[in-house]
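Written out below as structure tokens is the structure these notes cover.
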Amino acid sequence: MLLYYILVALWATVTYAKSFSEDISEMPELSEMSSYLNQTPEAKDVLDQQKNVTLLALENSAFRDFVGQGEGNDNQSSSNSSLLRGIFSYQLVKGLHNSEQITTTPQFSPTELNDAGFTNVSSGQIVQLVEKDGKDYAISGLNDNSTIIKPGVDVENGVIHVIDRPLTLPQSVTATLQAANLTSFQGALQRGNAVSNANDPKDITLFAPRNLGFQRIGTAFENISAEDLGQIANYHIVKGKVLYSPDLTDADHPTYADKDLHISTVDGRSYVNSARVESTNLLVNNGVIHVISDVLNPNNDTAKPVPNADPPPPAFENANPVSTDPLTDGIPSPTSVIPLPGITSGGEGGGGGGGESTAPPSPTATVTETQSGGGGGGGGGAGGGPGPTATNTPQPGAAATERAKAGLAAVVGLGVVLINA
């Protein structure tokens, strides 16, 4: 008889282990999501199969807004259901990340997003989990900050955090450079025929100089050949390694210019050769971008940091400054610029947006492409119109996407994903 009761108790334990959907149904902040799951058995089944994951779930108003937007774009949503499923996968973080584990030291956590159409990172696309000013955030593509508005709830199959806005899928290198107004380097990649080395390979780290860094040596690009410019651009791309801010320690790394660059730390600040690291951890779909003060020179690969110099000494001798952004002829200028993240590896100060904006990190701004306001060509070139500025207008999930229209990219909530499940 005792054995019978033991078996019954074990059976009950297995039978009544809660699923994700059951846990969600008990959270008032997720009642909209719960209601929709009950109406969408296929989506509910997919979610309930997840184990040992951390779910970043949209709170009610955000969920409701995105469901409404999705229903208003049925034809477009249907044709891009794979994109929406990709966003859903991106909001499922591998492993257990409760509130106590999210600290001021950033975590670069792999997610369930492994679809080769959207990511080319071996571990699965990364989301950054970090505490800032007493609040916890999930930081995604284009430096989009989603606030965790309810501390993580430990449930049977993982952890549930409630967030106030959906994550943004990391974009390609070139789309991200444009959104951040790092357009001189974007121009260097294009004119140097190095775009494929930036956008296509798996697991890269790219050090993008600010536009002001190009201006400081603008005459170096007058009449430069495509081959020489490509060598310079390729020297900024580390092969086969995704180096997040904690990895920016003393070491040499191979680049697509077939020369090593050297990372060093001085007084808690990171340098690449002699260039100062000014912004870190801008996620892209095949790795990460860090912003540096100046252009690296593959023919001066022994350049060393000069910590007391501000600005750092340029790596190009005999080059003179120009007053406009070099290499930006034909590069569309965004009408607004995403604010860049600050330095999270220690050091002093933080990054500004694209070298021109001083706006602090905030919800992703809308990124609109336009042909006006471009900078000059080969050297300083002709001046453009007024430069883009940062805006803090909240546009959850907005992104300058290539695989899907920006309008659809803004309709990126878990709710929309579930519509197409």
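A Cβ is built for glycine as well, from the same backbone N, Cα and C atoms used for every other residue.
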Quick one: which of Asn38, Asn300 has N-linked glycosylation site in Swiss-Prot?
Asn300
Report the nearest neighbour of Asn223 (N-linked glycosylation site) in space among the glycosylation sites Asn52, Asn120, Asn145, Asn181, Asn300, comparing Cα positions.
Asn300
Integer Å distance between the CA atoms belonging to Asn181 (N-linked glycosylation site) and Asn120 (N-linked glycosylation site):
23
Give the residue counts of the domain 'FAS1 2' (169-296) per reduced DSSP state, in the order helix, strand, coil.
43 helix, 40 strand, 45 coil
Out of these glycosylation sites, Asn145, Asn181, Asn300, which one has the fewest other C-beta atoms within 10 Å of its own C-beta?
Asn300
Highest Cβ count within 10 Å among the glycosylation sites Asn52, Asn120: which residue is it?
Asn120
